[in-house]
Every structure is written in structure tokens, then in C-alpha cells.
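Features of the protein shown, as given by TrEMBL:
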type	residues	note
ACT_SITE	Cys138	active site, proton donor
BINDING	Lys40, Asn41	phosphoenolpyruvate binding site
BINDING	Arg114, Asp328, Val350	UDP-N-acetyl-alpha-D-glucosamine binding site
DOMAIN	25-445	domain 'Enolpyruvate transferase'
MOD_RES	Cys138	2-(S-cysteinyl)pyruvic acid O-phosphothioketal
Amino acid sequence: MNTLGEDARNHGTAVGLSVDQITINGGKPLRGRIELKGAKNLVTKAMVAAVLGETPSVLKDVPNISDVRIVRGLLEVHGVRVVEGLEEGELIFDPSNVESAHFADIDAHAGSSRIPILFCGPLLHRLGEAFIPDLGGCRIGDRPIDFHLEVLRKFGAIVEKLPSGIRMSAPNGLKGAKVELPYPSVGATEQVLLTAVRAEGITELKGAAIEPEIMDLINILQKMGAIITVDTDRVIRIEGVERLDGYTHRALFDRNEAASWASAALATDGDIFVGGARQSEMLTFLNVFRKVGGQFEIHDDGIRFWHPGTPLNPVFIETDVHPGFMTDWQQPLVVALTQAHGVSIVHETVYEQRFGFVDALVEMGAEIQVHKDCLGGQACRFGQRNFQHSAIISGPRKLHGADIEVPDLRGGFSHLIAALSAEGPSTVSNVGIIARGYENFIGKLQQLGADFVLEG
Ligand SMILES: CC(=O)N[C@H]1[C@@H](OP(=O)(O)OP(=O)(O)OC[C@H]2O[C@@H](n3ccc(=O)[nH]c3=O)[C@H](O)[C@@H]2O)O[C@H](CO)[C@@H](O)[C@@H]1O
Ligand SMILES: C=C(OP(=O)(O)O)C(=O)O
């Protein structure tokens, strides 16, 4: 297992980031325009979907982030030829050699992403077997895969847990199934979709997640030849088909990156135009942003976010599955809430341990207490289980520079924002982890006028 530092360096290096730490002279508003590419949480799944096609697929707006690099490596190990297209950010996947690939090397390619588990359905269809190494992803809770394994068993897969990972086989092929998820898990919903599209017969999924990235994956699968119906009550029906072809698709924009830069504009008294952001996938975020006092303007080619110049308001936020307030938006926004006049509450109901990042903010002068009770709203799955999953943020508190270490992807971005809004210099280490999900974040900070130096 990598140490956090090695992990961070590996992510950074994978996308050409040769530094591990950044010293920021805070207190300067971020101003300017940046451009988004496709969503990390869609692009990586779209890449897996390419394995299901009999012909090549073309994906546009693929960001240069380390999670994409990891999935590209996995595809190559499985015999998918991946080449860059003519347009910047375009990748072409040719899956015609999947059957003849030898994937002894797979463990080395697992990296620290959660995507390997989604290869199960496509590989079982094509090869009758799959091997899944240990998964990575952000350390923000236990992150079990019980729903995934249960779903695969329902389709007829035989699941064997080995010390090195999970081996699966489907000697009799995969058959459509009736599935009900205990919680609308994004990954488990994608698992059902990627398995059911080529399973024999009809699959009915109840309790599905309906995040925009899932809807875009459904768009892709439909382009490939799948038959998928989405009802309004979290029920998805899939009629299995015998053959799928490749797709050509421009990935949905990264709404999590958009929300992160919006929070950066608010926390630094700045004004950022986020090119490529769209209103409809961000409705819930925009409502909260407005309640805090943030200003925004919707344009055809993006959304402009800026600080109002007057005091920010405290808010109550409960993170939730879509269409609720996305958990990945919480960490960057908390930094802006340290500057609101009054007491804000954030109740995290999706992950049990997503407040590790606040220790650094407290060291920088923020007043934040974390509690194990479900504060402010409804009781959630974590209320009785001693997890510190609610936060009380009292503001405004002046942040001052400090030496801080990035704990995870969104926590890392929130640390960058804190350093940018603090008075005096801060050194933020392990910044490579941020490259898991933010393309060229150093270049974007430069474009927005941030004052920093990079260190090796
Ligand atoms: C690569 C990707 O798309 N990551 C996103 C995806 O993660 P991911 O797909 O891993 O998240 P899930 O929606 O599956 O997880 C939500 C909750 O369900 C629980 N759970 C999940 C699966 C399972 O088998 N058993 C189980 O108990 C998890 O521990 C968590 O408490 O959705 C999350 C929720 O919107 C986002 O924060 C992540 O950015
Ligand atoms: C939790 C996240 O990602 P992952 O599921 O890839 O760890 C995230 O994007 O904030």
C-alpha cells in the first residue's frame, strides 16, 4: 500500500505535474476564466463501456487527470487499444482484441481509483471471467462493495474473494434480474447498467441513483444499441441485447469541478467564469450558492460566479444523492462558509468520514466543530454509529497561512482555497492527489492570478 505522499506523487506525475507541494501567498482574489472538460465521474465509466462494443468508440472532452490515466492503463491491460484523436481531449478505444489479451499485469494497474469494479459486467460478457484488484478512491469512509457483489450474483456471476482481489466467473452467461438497491449508490447503479445491457432478458432496477453522470452513461449505452427506460421513481428497466457497437460522445461537463471553482470565487472575494458549466445539472448547488449570498450569471458557454462584496450568509446544508446537494460539493464550500456571518451547519449523509479536512482549516483559524449527531435535519444512516458526520461552522473567522497536507481529492481542493483566501503564506503538500480529478489545476490557478510557487 502506498503512503499518502507516494500516492499523491504518483497521481501528479501521471499527468505531468512534477511537484508535490505548493506555497501560496493568500489574500488575493481569484479572477478570470477557466474551461471545464468532461466529468471525472462520467468519463471513467464511459471508458469502461467501450469494452462492451464490437466496434471502436470515440469519447470527447476527456480531461487529463490521473483517474483517466489509471482507467486507460486498465483498458490497455485488457487488450483495448487506446489512441488520441485529432481534437484535444479526444480518445479512441478499439476493443477488438479484448478476447486475446492476457491481463496478468492487472494488479499493477489498479492504482487508486474505484473504477476496476465496474469492469466486471463487460469482462464477464466478453471473457466469461474477471479479476478485480483492491480498489482505491478517496478515503472518506469505509466504501464497501457489497451492493456490487450482490448485484453481480443476481445476474448469475460466481464471486470468489481471494487475498489479492476478487475473481468472478459466469459459466452459464449473465441473465437479466430484479434488483433493489438498499441505498441509491452511484457505483452499484452503474454496475447494473453495464452488466444488464448485454445480459439475457429484462432487468428491473429499483432504488437507482439518478445523478446526471448516470444519465449521460445511459445516453452512451443507448448510442451503443442498448434499450433502457428511466422512470421518475428511481426505477430503471433494461432489455438486454445481443450486440452493442461503439459510440461517439462528448462527455458531460464536470459539475463537481464547476462547484469547486465557484466556491473558490466566493472564498477569495473573487470572480470566476467557469466555461462549459451548465445550469440544469447544477440547480441544487446554485440555490445554495445564492442563499450564501454568492452571485452568478448563466451564459450560453458557462456560468460566472462571484463574491457579492457584502457579508455572506450562513446556511444549513444536508448532502444527499441527486437531486440533493452533492457530497463532493461540501468540502470546497465549507471554506467559503468560514467567512459567512453566523453559524452554518453541514450534515454529511453520504459518507461517514468526510470531515477529516477541517482539522487543517481549524489550524488556519476557522471555527469548526464536528459532531456525531445528525444536526439540523433528518436522522441518517450514520446517526447511531459514532461517526463525526455533522459540522458546525461559525464565522466569519480570518484565516491565516499554515503548513497543511492534502487528505483526499475534494479536501485537497478545499485546502487550496483556504490557502488562497488566508492571510500570509501557506505550504500545501501532497497536491498530486488533486490531479485525480482537477485537470491542470496549477495552470488554472495561474490563469486566475493566484500568487504561488511550486516545490518538488
Ligand atoms: C468515481 C465516482 O463516480 N465517484 C462518485 C461516486 O462514488 P461511489 O459510486 O463510490 O459512491 P456510492 O454512491 O456507491 O456510495 C454512496 C454510499 O453508498 C455506500 N455503498 C456503496 C456501494 C456498496 O456496495 N455499498 C455501500 O454501502 C457507500 O459506502 C456510501 O456511503 O458517487 C459518490 C456519491 O455521489 C461521489 O461522492 C463520488 O465522487
Ligand atoms: C469521492 C470522490 O471520488 P472517488 O469516488 O473517485 O473517490 C470525489 O470525486 O470526490
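Glycine residues also receive a Cβ, built from the backbone N, Cα and C atoms like all the rest.
Nobody curates TrEMBL annotations by hand; they come from automatic prediction.
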If you average pLDDT over the domain 'Enolpyruvate transferase' (25-445), what do you get?
95
Around the recorded UDP-N-acetyl-alpha-D-glucosamine site (Arg114, Asp328, Val350), other residues with Cβ within 8 Å of the Cβ centre, ordered by sequence, are Asn41, Gly137, Cys138, Ile140, Val186, Thr327, Tyr351
Binding residues Arg114, Asp328, Val350 (UDP-N-acetyl-alpha-D-glucosamine) - maximum C-alpha distance in whole Å:
16
For Arg114 (UDP-N-acetyl-alpha-D-glucosamine binding site): DSSP state (helix, strand, coil):
coil
The residue listed as 'active site, proton donor' sits from Asp328 (UDP-N-acetyl-alpha-D-glucosamine binding site) (Cα to Cα, rounded, in Å) at a distance of 11
Take the Cβ of Lys40 (phosphoenolpyruvate binding site) and count every other Cβ within 10 Å, whichever protein chain it belongs to.
25
Just jot down the residues in the same chain as Val350 (UDP-N-acetyl-alpha-D-glucosamine binding site), at least 6 apart in sequence, with C-beta under 8 A of its C-beta; none if empty.
Thr319, Asp320, Val321, Thr327
Taking DSSP three-state, what's Cys138 (active site, proton donor) in: helix, strand or coil?
coil
Neighbours of Cys138 (active site, proton donor) among the binding-site residues Lys40, Asn41, Arg114 (Cα to Cα, within 10 Å):
Arg114
Most Cβ neighbours within 10 Å: which of the recorded positions Asn41, Cys138 is it?
Asn41
Of all the binding-site residues given, Arg114, Asp328, which has the fewest Cβ neighbours within 10 Å once its own Cβ is left out?
Arg114
How many Å lie between the Cα of Arg114 (UDP-N-acetyl-alpha-D-glucosamine binding site) and the Cα of Lys40 (phosphoenolpyruvate binding site)?
12
DSSP three-state assignment for Val350 (UDP-N-acetyl-alpha-D-glucosamine binding site)
coil
